[in-house]
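Here is the structure we will look at.
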Amino acid sequence: MIEVVLQVLSISAITTTIALFFCGIPICMQIRRQGAVGDISGVPFLMGVLGGSFWLRYGLLKMDYTMIIVNVVGVFCMAVYCIFFLIYSLPKKTFTCQLILVTSTITGMVVWIAFKPNLDYLGIICMTFNIMNFGAPLAGLGVVLRNREVSTLPLPMCVANFLVSSQWCLYGNLVQDIYIIIPNGIGMFLAIVQLSLFIVLPRRENEKSPLEQLANWFTGRDRNKKEKDLETGECAEPSSPQKIPSDVHEKLEKLMAAEASSESRRCSADFMDHPPSYKSRSSSVPDIFSVQS
């Protein structure tokens, strides 16, 4: 039974971890669109190559095929991201020096393990790299707590980190590997803290958190407030005159124009049928144009 659970968990951990490695593709697409790396840091890619290489050597030394498959794919993806980052980085000197340092560290580790294979020493180093990677989002948590909102936290990434960390923590318990349990347990704890912030804090400023909305729904505070506002007249809006629809307005204008035209024709007909009579009256003014004979 344990073997079946371990196989299912291995397949699930491989799938979710490889899917998490593909999160670098949107970053590379953004770099390509803007034509340069800009403010994007290449350190996560370098740390991915470094940590993946150490974990790959750890898996080879332990002959753990689940770790071997995951870290082969991980090192390949992170190496491709590093090459892509190097192409678009200006100037290239800084990132090239960092890449040489990482490559030298990996080479030294491979030579050291070849002459002195020690699983415990390598496990401690791998565990340290994992804890450093999981501790990187702590700066983002500081920003969230300072702003009292979670708009800067990516929810899909937090959920993915929780799934991957919890699966590897359970996998470490099944294979009884403390070097897998400790870093992934810390990562799972940090992921739970991040996910809890989505419940406690609002998504954006001037919004209510889901926890506050749920509390108001249970206590009926919002309903009581609305009823109180209705009683005091705060929610009553002043009545505004109804706006006549445009089609009705046009029909009224046409009807008024037709009535005005009909009234004008009726007045003209009355004038023609009954013209006004003018009474002639003698003028007392002498006719200055008549010639007396």
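Yeah, the Cβs are placed from backbone N, Cα and C, and that goes for glycine too.
Since the structure is predicted, the reported quantities are computational estimates derived from the model, not experimental observations.
Annotated features, as they stand in Swiss-Prot:
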type: COMPBIAS; residues: 259-273; note: compositional bias 'Basic and acidic residues'
type: COMPBIAS; residues: 279-293; note: compositional bias 'Polar residues'
type: DOMAIN; residues: 7-91; note: domain 'MtN3/slv 1'
type: DOMAIN; residues: 121-205; note: domain 'MtN3/slv 2'
type: REGION; residues: 225-246; note: region 'Disordered'
type: REGION; residues: 259-293; note: region 'Disordered'
The correct DSSP tally for the domain 'MtN3/slv 2' (121-205) reads 69 helix, 0 strand, 16 coil
Restricted to the domain 'MtN3/slv 2' (121-205), the mean pLDDT of the model is 85
